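Take this structure, written in structure tokens, and hold onto it; I'll ask about it next.
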Amino acid sequence: MSPVASSRIEKDLLGTLEVPADAYYGIQTLRAVNNFRLSGVPLSHYPKLVVALAMVKQAAADANRQLGHLPEDKHAAISEACARLIRGDFHEQFVVDMIQGGAGTSTNMNANEVIANIALEAMGHTKGEYKYLHPNNDVNMAQSTNDAYPTAIRLGLLLGHDTLLASLDSLIQAFAAKGVEFAGVLKMGRTQLQDAVPMTLGQEFHAFATTLGEDLDRLRRLAPELLTEVNLGGTAIGTGINADPGYQKLAVERLAAISGQPLKPAADLIEATSDMGAFVLFSGMLKRTAVKLSKICNDLRLLSSGPRTGINEINLPPRQPGSSIMPGKVNPVIPEAVNQVAFEVIGNDLALTLAAEGGQLQLNVMEPLIAYKIFDSIRLLQRAMDMLREHCITGITANVERCHELVEHSIGLVTALNPYIGYENSTRIAKTALESGRGVLELVREEKLLDEATLADILLPENMIAPRLIPLRA
């Protein structure tokens, strides 16, 4: 019995190569793997992109079959291959690096070759027997990388969008719940890291929920507006060369049906092939969310600082020992990690922006970097938001006595008294308190500027944290 061959020979315009016998990709994918050893992140790292590529190929095959250009047996085999990819099979065969030259041709050929070889086996042939079903002639029929790839990127983003929104919404709800829990905890608000006026810890956390809620609403509206127009059918530059006149409409209709997304043909296929503006805007929205998350995490780190020599108004749940040399130290590792994710997303947006600007004439060859950065930003943000909610926000507790102590000893409390004792008295009390180290309330009582009943009324939390003004007595 002869040993099973460990490789097969495939050829292209540059010559021949040995392809591993068990590989469903082919020679062009192998060349790309050998050429682009850059990020170390293969296409399979982003399953939604792989699924989207398979959906594009299925839609193209359906349209070509309906138009009479693709035989039934080939259509059936391609359909089976695409269905398996959509289910999650064979994703490990998508081995090309996310960063690549060629405007995404390596990605497109990785998909074409994998689908072709799965289909060949379904037809009873062996991998590489392309005379029966060809990656270019059949799987890539009526397509160019320049319309199939950007369409798949848009679709992949849409397919993963709901998961991102769900993570953001869950984080918002966690902040909102803390807003309710801490509604009665009076504390000092701060501006420029200096004491300002009283507020509640609940108001502070509610504001976190509100600012992220704004981004949730915008992201919900933005993706359907930006990403549903596709250039599938435009082929090389948007003119539709080598495609049946009826292909574009049918292919987009089939892709919408297969994916469940409200896809529609771009109004100007040449513009849609060359312009990356939709990705720039969508990435900018992801950056905005990252900026907000980072600012919130800055606040959480400050508010939990100490525990003895910092603000120490809240306790973050301890996640791990914080130092190899300082016993007992616990660091705010979860907010710190989210800060770093935010910096990465901000950097991704800049790289994507430069790639979008780097296009020339009818095509932007930098689209692989655009795809890599935007999928990476989504993955990082989703994971960071889940981590922040699960390992930090839900376990935060308030140091109620510490919050009250800081309010009582803050010079900022004089602002609440200003309408009742006047600006000059308030300024003098504040100055004396600072110089002597005594409390504002102690000095007000000593000088009998207000009676106890009035003072107690002013100092009620509900009266200090919302608009309220009683005229000065004559």
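Sequential numbering from 1, following the chain as shown.
Yeah, the Cβs are placed from backbone N, Cα and C, and that goes for glycine too.
Note that the coordinates shown come from a computational prediction; the quantities given were computed from them, not determined experimentally.
As listed in Swiss-Prot for this protein:
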type: ACT_SITE; residues: SER323; note: active site, proton acceptor
type: BINDING; residues: THR105, SER144, THR145, ASN146, THR191, SER324, LYS329; note: L-aspartate binding site
type: REGION; residues: 322-331; note: region 'SS loop'
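Are these features on the surface or tucked inside, and what touches them?
DSSP assigns SER323 (active site, proton acceptor) to coil, not to a helix or a strand. Counting only residues at least six positions away in the same chain, the Cβ atoms of LYS329, ASN331 sit under 8 Å from the Cβ of SER323 (active site, proton acceptor).
In this structure, LYS329 (L-aspartate binding site) belongs to neither helix nor strand by DSSP; it is coil.
Note on the region 'SS loop' (322-331): mean pLDDT across this stretch is 77.
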Which one of these binding-site residues has the most other Cβ atoms within 10 Å of its own Cβ: THR105, THR145, THR191?
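Highest number of other Cβ atoms within 10 Å: THR145.
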Below 8 Å Cβ to Cβ and six or more residues apart, same chain only. Which residues does that give for ASN146 (L-aspartate binding site)?
ALA103, GLY104, ASN231, GLY234, THR235, ALA236, ILE237, THR273, LEU363
